[in-house]
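Pasting the feature list from TrEMBL:
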ACT_SITE  85  active site, nucleophile
ACT_SITE  193  active site
ACT_SITE  195  active site
DOMAIN    11-207  domain 'Glutamine amidotransferase'
């Protein structure tokens, strides 16, 4: 009789952007054994991969270039891939941010087809602070968090090509996708920072760790 694994081995991708320390601490509190890695070869032994991120889309994709092929391969193989804030936006196909900043076209990982767009001029940006999660699709990541509040800091938001990719929405002048996932369910992201979102964020990170263990 096999013994069930009780600790998920999670790799946090270190590509030079992101709240690496707070993300790592949050995952450890959620029960993960965390490796902070600059080496895509370490993905193979991982139960899950976390792509954090703070900053500009183009810079993020440039820095993550050496990881791109490995991330896509792991996602297609079914490894749970969790993008946080900028990391979530990088899961999509492209972003308006590159155009606004005069950086030309910048391609995302295209694991969830769609585009990141800027909030309208009528809205104060960045959208910063606590806001409510309205769960619209069943997914292990959002168990027990419908109607709870999470912490956001962003000026752009994801617009998936397929509405079914939206797992939760949040209202900031418009209802935007605050959690997204692919059809298979193993690639997903949160626009907010779970590591800064108190008990709600910890619940989401625990849900992620459990999802990694159950795969």
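Counting begins at 1 with the first residue displayed.
Just so you know, glycine gets a Cβ as well, placed from its N, Cα and C.
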For residue 193 (active site), which residues in the same chain are close in space, meaning a Cβ under 8 Å from its Cβ, but six or more apart along the sequence?
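Within the chain, residue 193 (active site) has Cβ neighbours under 8 Å at 19, 22, 84, 85, 150, 151, 152, 153, 201.
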Does residue 195 (active site) have same-chain partners at least 6 apart in sequence with Cβ under 8 Å from its own Cβ, and which are they?
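When sequence neighbours closer than 6 are ignored, residue 195 (active site) has 19, 22, 23, 25, 26, 27, 84, 201, 205 within Cβ distance under 8 Å.
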